[in-house]
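Heads up: the structure comes next, in structure tokens.
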Amino acid sequence: MKPTLRSKTQKLLHGVERDSRLSLFVHLVLASAIVINVLAVIFDSVHELAEQYYLTFAIIEIACTLLFTVEYGLRVWSAPDNPDFSGRWGRLRYMLTPMALIDLLAILPIFLWFFTSIDLRFIRIIRLLRLLKFTRYSTGLELMLLVFRQQLGIFGAASAALACMLVFSAGAIFVAEHEAQPEAFGNLLKALYWSVITLATVGYGDIVPITPFGKFLASIISLTGIGIVAVPAGILASAFNAELRRRENEYRHQATRQLMGKRLTERVRNKLKSHQEELGISDEQAQSVLDDIRDVHRSESDEILTCPHCHLPLHLELKEAESNTPTQKP
């Protein structure tokens, strides 16, 4: 079946055709537009630069918004060609995915600017959210988001424990310091601020306990914070390493299948390169896997069968048997 324009668009925008120069060019343009737009937002926040280069920043904003709008429209239009979004409500289901919502947020600021009287500072924050679009073009960020989604339940449990500790420590320090420092610990909200800063082991020093019991609590809370805050980081690092190993094993499996009984031709090399990019495997990892597979195949081909009794190579045993066999006279 001949591919349609919509299916070609879907493959182009979603990085299916990784070897295509057009796909590489499109993704390079979109990634560059994201970086340029975010830099423009940052420099636009400087009052002197905003006045001097107002027209330049406006052109960048309008051009990038038009580009992101076309990209969003094409992604929604071509979504049904993805098996995950086929069917009657496929486009709507795609529009509700996290990345599609990020794409929508990327084009909202200019319309909010034109048609509403919303605070420009809020619009600037929304424009900075366009940086989240960059996760689509960064394998490392995409991998980290995948790991975070996989470990969401564990992160939820760790976050619940952290929230309980925050509330408990805020209540304890409020009781200990409220009478001694009514301005600093006048209510639980102020105590909660101190609790967050202390548990995060930041310690700005703007609010400090002065009572002996308050200092004792601060010491215990600080030591507890080291362990509690480190738990999510450890979970993330462990899951990240596990996902990297899984991807490397999957690439090893794909490479073994491709190289089984075949030479490393240009066609096989391109297939392996495509698998490598899909899985986010570095060139060094890929080369190491290929070297291991070659070593295994080489050792298997060089392996010599031996006799289980005398442990001599079987081909020598066969030669001796042939030499000892008496020749029959005609």
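Indices start at 1 and increase along the chain as displayed.
Note: Cβ is positioned from N, Cα and C throughout, glycine not excepted.
Unlike curated records, TrEMBL annotations are generated automatically.
According to TrEMBL, the feature transmembrane segment maps to 22-42 (among others). Same-chain residues lying 6+ beyond the ends of the transmembrane segment (22-42) with a Cβ under 8 Å from its Cβ atoms: 11-13, 15, 57, 60-61, 63-64, 67-68, 71, 124, 127-128, 130-131, 133-134, 137.
For the domain 'Ion transport' (26-246), the predicted model reports an average pLDDT of 84. Among the features that TrEMBL reports, domain 'Ion transport' is placed at 26-246.
Outside the transmembrane segment (54-74), and at least 6 residues removed from its termini, the chain residues within Cβ reach (under 8 Å) are 9, 13, 29-30, 33, 36-37, 40, 43-44, 100, 103-104, 106-107, 109-110, 127, 130, 133. Annotation source TrEMBL lists transmembrane segment at 54-74 (among others).
Summarising the annotation, TrEMBL assigns transmembrane segment to 94-116 (among others).
The annotation transmembrane segment is assigned in TrEMBL to 154-176 (among others).
Taken from TrEMBL, the feature transmembrane segment covers 188-210 (among others). Counting same-chain residues at least six beyond the ends of the transmembrane segment (188-210), those with a Cβ under 8 angstroms from any Cβ of the stretch are 162, 165-167, 169-171, 173-174, 176-177, 180-181, 217-218, 221-222, 224-226, 228-229.
Feature annotation from TrEMBL assigns transmembrane segment to 216-242 (among others).
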